[in-house]
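Each remark here refers to the structure printed beneath this line.
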Amino acid sequence: MKVAVIVFPGSNCDQDTRWALERVGLKAELVWHTEGSLEGYGAVFLPGGFSYGDYLRAGALAKFSPVMGEVRRLAQRGYPVMGICNGFQVLTEAGLLPGALLANTNLHYTCKEVFLRVERTDLPFTSDYRQAQVLRLPIAHGEGRYYADEETLARLEQNRQIVFRYVEHQGQGGNPNGSLGDIAGIVNERGNVLGMMPHPERAVESVLGSVDGEGIFTSLSKALATLA
Amino acid sequence: MEETLTPLSEQAKALLEETGIPQNEYREIVRLLGREPGRLELYLFKVMWSEHCSYKNSRPLLRLLPKEGPAVLQGPGENAGVVEIGDGYAVAFKIESHNHPSAVEPVQGAATGVGGIIRDIVAMGARPIALLNSLRFGKPDTGGSEGDRTRYLVQGVVGGIAHYGNAIGIPTVGGDIYFHPDYQDNPLVNAMCVGLLRVEELKKSRAGLGRPVYYLGSKTGRDGIGGAAFASEELSEESESKRPSVQVGDPFMGKLTMEATLEAIRLDLVEGVQDMGAAGLTSSLSEMAHKSGLGLELDLDKVPRREVGMSPLELMLSESQERMVLVPRPGKEKALEALAACWGLDAVPVAVTIEEPVFRIKSEGQVVAEVPTHALADSVTYVREGQESPEIQALRAKDLSALPVPGDLHGVLLKLLASPNLCSRAPVFERYDYQVGTNTALVPGKGDAAIVRVKGTRRAIALKVDANPRYSRLHPRLGAMHALAEAARNVSVVGGRPLAYTDGLNCGNPETPHGYYELSETIAGLAEASRALGIPVVSGNVSLYNEGPSYRIPPTPMVGVVGLLENVERRAEMGFKKAGEFVVLIGEPLGELGASEYLWVLEGLEAGHPPRLELQREAKAQAAIRDLIEMGWVRTAHDVAEGGLAVALAEMTFPYGLGATLEIRDAGRPDALLFGEAPGRILFSVDQDHLQSAIAHLQSLGLPHRILGQVGGDELTILLPKTQLKWSVSELKQGWEAPLREVLP
């Protein structure tokens, strides 16, 4: 099963995401934002970056891009769709995930290591992790503060839609951006559309300082193998 | 013998007044043209003969620098230098200043500095894989307006670099930042970019005869008019009014232009590439024609513009960003246009190369300027008499032996670690995306140099930019030697073999004897260190006139070294990682107090002779640590720099919170043992199994060394002959982390 990595003109983690997918043996292809069809792809990644410059608001223009109609269609048909960083912002702007990502409380771009707790392992993206496992992953964003109204937050908790939470680990880490509920990543009700601010694709080799992100890609690889 | 000169016409005098071109240069222009220039023509000369574009004061001096080496594919003279790294790959790199724009408009000044250097790298056919920057500011820790201005500049510059680099998706992996009162009115912002290319894809700024020359990228507006000339004069009260000389950066457009250019190169659609940077259309087109041994006819009516009513002069001098010049291969014109359209960019044939070696500019069917291309390219040069400032001589000669030894050595280390020049840089680099591209094998704060691996190979490059303004102020020649030695040492201690360097020479006004002295001594020092260490220069930039009525910046040669690791798995970082490892010092514990950070922090004194540098021993020490890393014996190594041994040891405890116990048995002032500075010193840790062999290797090279102690615990303990000092790592770290966090919360 091929995985589509959507490339907006300002995407800049597209190649990194493809690299991480291919390392676990998945076949990944870059798909230009003007593409009208995603026929033949078994999963979709929306990578990090600055989709269309993001001068207005991260992801605010990307939701109108031609390829997004197809992304929506695949999401509705239950295909795995994952947004990382800017991809998460695009998914919330497009309404495929609830809530919004606001400017970090420190009001600037922040690049550093954080710790996440895995809250769910029954998803096509997380099956290779252990429940409550703590991951060390990098963040790199200026608008990553997850926000939703109380009702939505309650629903997310109730439906177990919160997949990753920022945690402190041995005195380090903690919530880096003021996200409500320490939310770092959420999934839709159906469990096939995942968005997260930290970058798992930057933590897939020991030479990069952490391999804790690899589970996302190996999990997906297994999920796609069972589908195919 | 004075030649009798014909008096200038009134009209010419008025033009000289307007452009600021000196009379002697005007007469040279008249001689080259065989007639008086028109106003537009004179402006072409003004920007092309500015120091920024012509190097008229520095060119004769720069000839001294060694430029040849086994790895060098392209030396100075193109958009960037290129060195081979093996497996068919090469890296292109260059540093460039954006000082004056950043002083006037820090965010855009810094952002466009980054954008500009990226385009230089792209023009060589290389994909940018790393950014570095070297920043100098005035006083951060004084209250009042001076401190406020410094904080404003730091926040703006760091914000501008982050804004551009993060969005365009090139990791900012390293740099250095230094505070010194002489930068108060004149901050320095130099940006360095490194790109990766296949050797066969190396591009130059060339065009064949009769070829259409394409303009690619952003439309031309009225921003940055005369920026190159602005960069080549002293900042003054009126500089605020030069805000229109500062360009405006658009990283999104920069990304589109970069991707389109790289794709055109990959598809082999183009024969020549040139960045449109300083002096815009004027410089990019006239230089490309000149290097090709041809002329060029430009039709201004075809230039894409975003404002109406722009005059030929404004079009020629605009430094609007995100523009490139491409020369398609014959028959590939349509393919190039289609590719640009795919990225939503303008790609317009604005000019054509011609046989007659002139730069001809047409507007509305009329020729509005026509000058020989060589005349623009070969400006007058100046060789001047330099003289050292007596004030500096006196400072250097100051006798420091009577300085009292402080009673509280424990407190001195805490004070030093909290100095703006030694404290943690995390508040700065955390604003930069240093990992995009997933190649950063050694991130900021973890090692003395950054390491960026090359996917699909075992290779990696190590990168560092460095310059100590205190050393350079007190001894320009020695300071420059230190700058290269230290940048190379930083690359060596992570395991990289230095291949070549790029130099950003920032100095005062070369038209004054003191300014010229500092420039010429700086270059002489670089040349000497370059030869002794066997590291050639492949690219660089000169920023002069960093001077005002009440100040002159210390000469600041920002040296950016690129080194090679043949196996990225064999690398070292600075933090102690394993309890029980032995800590070894290459060199002697006793350092010098002259020009030290210690002297400045404790006594508020910048005086004395900077440490002498034995280049042969330096080269040997660097080779030794590289050997130990390459053999897989050493995984932790750190350069002993400003703040001396105690600061270096403290820094090694920070990354993993692991302490050490060490003993210094040498005689000498305890402050000179702990905080004195000396070059060529390297600390490393090694486990029991490899200690013997490591020591034997140092002995075989005849390098002085000491086994100081062992890693372990959560305290740093230093035993001196008469005293015992102990700090908890957390107390050291706390004071070290705070100062810049207050500037960049």
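Using N, Cα and C of the backbone, Cβ positions are placed for all residues, glycine too.
Binding of ATP is annotated in TrEMBL for B:K94, B:D503, B:G540; the matching candidate from B:Y43, B:Y55, B:Y152, B:Y598 at the same site is B:Y55. Binding site for substrate per TrEMBL: B:S97, B:H98, B:N99, B:H100, B:R119, B:E319, B:S320, B:Q321, B:S543, plus B:Q247 from the candidate set B:Q23, B:Q247, B:Q616. As annotated in TrEMBL, region 'Disordered' covers the listed stretch B:231-250 rather than the other ranges in B:131-150, B:231-250. For B:R119 (substrate binding site) paired with B:E96 (Mg(2+) 1 binding site), the C-alpha to C-alpha distance reads 11 Å. Around B:Q321 (substrate binding site), the same-chain residues six or more apart in sequence whose CB sits under 8 Å from its CB are B:T112, B:G115, B:G116, B:S218, B:D223, B:G224, B:Q247, B:V248, B:G249, B:D250, B:M253, B:G254, listed in sequence order. Checked against B:H52 (active site) by C-alpha proximity, the binding-site residues B:E96, B:D120, B:D275, B:E319, B:N541 yield B:N541 as the nearest.
Ranking the recorded positions B:H52, B:H98, B:R119 by how many Cβ atoms sit within 10 Å of each one's Cβ puts B:H98 at the top.
A sphere of 10 angstroms centred on the C-beta of B:N541 (Mg(2+) 1 binding site) encloses 24 other C-beta atoms. B:D275 (Mg(2+) 2 binding site) sits 20 Å from B:N99 (substrate binding site), taking the CA atoms of both as reference points.
Under the DSSP three-state reduction, B:H52 (active site) is assigned to helix.
DSSP classifies B:R119 (substrate binding site) as helix under the three-state reduction.
Only B:S97, of the binding-site residues B:S97, B:N99, B:D120, B:E319, have a C-alpha within 10 angstroms of the C-alpha of B:N541 (Mg(2+) 1 binding site).
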